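These notes concern the structure reproduced below.
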Amino acid sequence: MTDTIFALSSGAPPAAIAVVRISGPLAGDALRALAGRSLPPRRAVAATLRDQAGAVLDRVLALWLPGPTTATGEDTAELHCHGGRAVVRAVEQALSALPGLRPAQPGEFTRRAFANGRIDLSEAEGLADLLSAETELQRQSALAMAGGDFSREVAGWRERLLMLSAAVEAVLDFGDEDDVSDLPADFTARLAGLEQELAAWLARPRAEALREGYRVVLAGPPNAGKSTLFNALVESDAAITAPVAGTTRDVLTHPVALGGVPFRFSDTAGLRDEAGDAIEAIGVERARSALAQADLVLWLGAEGEGPDSAWEIEAQADRKDHPVKTAPRHRVSAVTGEGMDALRTDLIAHARAALPRPGEAALNARQHRLLDEARAALAAADGLNDALLVAESLRLARVAFDALLGRTTTEDMLDALFGRFCIGK
Ligand SMILES: Nc1nc2c(ncn2[C@@H]2O[C@H](COP(=O)(O)OP(=O)(O)OP(=O)(O)O)[C@@H](O)[C@H]2O)c(=O)[nH]1
Ligand SMILES: [Mg+2]
């Protein structure tokens with residue numbers, strides 16, 4: 001029999017309310033033991049909780065939610081307690097004292113929801129992202145994934161694939177020869193259509209970009225004003241600025257949301273061939289490697305000398321002696337604020353186009369890899385003449401779809417995913 005688990009599912013006390021969740025076969029018994037009576041199902045009921053000695057623990061709002069149509073698929077109870085540390089501890093101690101109950105592991109409620117088929121793997125992944133979402137764009141994309149948008153898509157593809165497989169099986173069972181010429185006339189077109197849909201999903205912006213933020217690196221020679229502009233963009237005095245060439249030595253990265261879009265700005269050491277000392281030389285090396293990983297470079301150096309497709313920024317515009325550019329994308333002064341709004345607006349629009357669209361489910365690395373496996377298998381099936389080999393390719397695509405939905409998973413993978421959740425989720 002599975003254990004019955006419990007945990008504080010709301011935020012850290014002290015708080016107005018603390019929600020303690022119980023899930024498992026003994027959830028109903030535990031609730032009865034604490035409340036002293038049976039509660040009606042699916043109703044919010046005021047109850048007085050007592051420990052085994054009969055002492056009052058707290059007056060709470062209690063919910064009795066019998067399975068299997070619950071979040072975890074098991075019998076579940078929720079206790080909405082007063083949100084004090086001691087109250088929560090006392091309730092947890094009383095639950096621990098009951099036989100067959102134990103504190104939950106991180107993500108264990110969600111893991112049970114998955115094990116009991118209440119959510120599939122992609123939905124669980126979306127849920128993990130939803131809980132860690134910090135910007136509006138992350139929230140909307142995670143919500144789409146957690147709500148099953150992608151899972152429904154995969155289920156639809158799998159269905160179509162099974163129909164294609166059935167056509168091949170029919171040839172294998174009844175055809176005179178195992179020849180694809182016996183396949184239905186529209187077989188190739190259906191196969192190609194499916195493959196194209198997968199390719200379109202694979203070409204979409206990825207979830208990692210959303211989680212990590214759009215990477216913008218500021219670069220240019222020493223004293224170009226990189227750190228000053230960086231501070232203005234991240235709206236904090238994160239970087240030291242000084243009229244000394246070679247002030248910034250390391251790469252400094254700061255996440256910030258602009259217009260609901262997640263960014264990661266990096267300030268770098270001024271690029272020059274003759275570094276002042278060994279430490280600055282290392283800094284320049286790091287700056288170059290940050291440049292290589294950037295989604296976008298803001299170039300504050302001499303016009304045309306930055307990396308390809310970097311934005312030419314004419315910085316320190318308020319200074320009479322500042323280096324002028326003939327065709328800057330932006331002319332700014334981080335000190336007076338001139339041009340800063342236009343730069344921000346441009347950055348937001350640019351990043352939005354490169355990141356998943358609002359409300360659109362975005363693939364993570366695992367989903368991308370599996371979907372690409374399915375696409376490759378379909379592409380391979382397209383060119384084959386032997387029905388047996390076609391059937392095998394289609395089977396490989398189905399295996400990938402099943403893995404996407406979590407019908408085939410490894411314990412390691414599940415440990416890694418559900419370990420991302422907090423206790424109580
Ligand atoms: N008036 C004015 N001064 C600026 C502006 N931006 C930077 N400065 C000044 O120029 C000097 C160099 O600025 P930093 O931001 O430290 O330059 P940096 O490119 O980070 O330099 P390194 O870290 O040495 O590579 C500092 O004294 C800043 O105060 C600006 O827009 N207007
Ligand atoms: Mg600097």
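Glycine too: its Cβ is placed from the backbone N, Cα and C atoms.
Just so you know, TrEMBL annotations never went through curation; they're auto-generated.
Listed features, source TrEMBL:
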- Arg21, Glu78, Arg118, Lys425: (6S)-5-formyl-5,6,7,8-tetrahydrofolate binding site (BINDING)
- 213-352: domain 'TrmE-type G' (DOMAIN)
- 223-228, 242-248, 267-270: GTP binding site (BINDING)
- Ser227, Thr248: Mg(2+) binding site (BINDING)
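For ligand 2, the nearby binding-site residues are Lys226, Ser227, Thr248; that is, of Arg118, Lys226, Ser227, Ala242, Ala245, Thr248, these have a C-beta under 6 Å from one of its atoms. Highest Cβ count within 10 Å among the binding-site residues Arg21, Arg118, Lys226, Lys425: Lys226. Selection of the binding-site residues Ala245, Thr248, Lys425 by a Cβ distance under 6 Å from ligand 1 yields, in sequence order, Ala245, Thr248. Sparsest Cβ environment among the binding-site residues Asn223, Ser227, Thr248 (other Cβ atoms counted within 10 Å): Asn223. In the three-state DSSP assignment, the secondary structure recorded for Asn223 (GTP binding site) is coil. A separation of roughly 50 Å, to the nearest angstrom, links the Cα atoms of Lys425 ((6S)-5-formyl-5,6,7,8-tetrahydrofolate binding site) and Ala245 (GTP binding site). According to DSSP, Arg21 ((6S)-5-formyl-5,6,7,8-tetrahydrofolate binding site) is assigned to a strand segment.
This prediction places the mean pLDDT of the domain 'TrmE-type G' (213-352) at 93. Shown are the binding-site residues Ala242, Ala245, Ala269; the one with the most C-beta atoms within 10 angstroms of its own C-beta is Ala269. Across the residues the record lists as binding (6S)-5-formyl-5,6,7,8-tetrahydrofolate (Arg21, Glu78, Arg118, Lys425), the two Cα atoms farthest apart are 18 Å from each other. The Cβ of Glu78 ((6S)-5-formyl-5,6,7,8-tetrahydrofolate binding site) has 22 other Cβ atoms within 10 Å, all protein chains considered.
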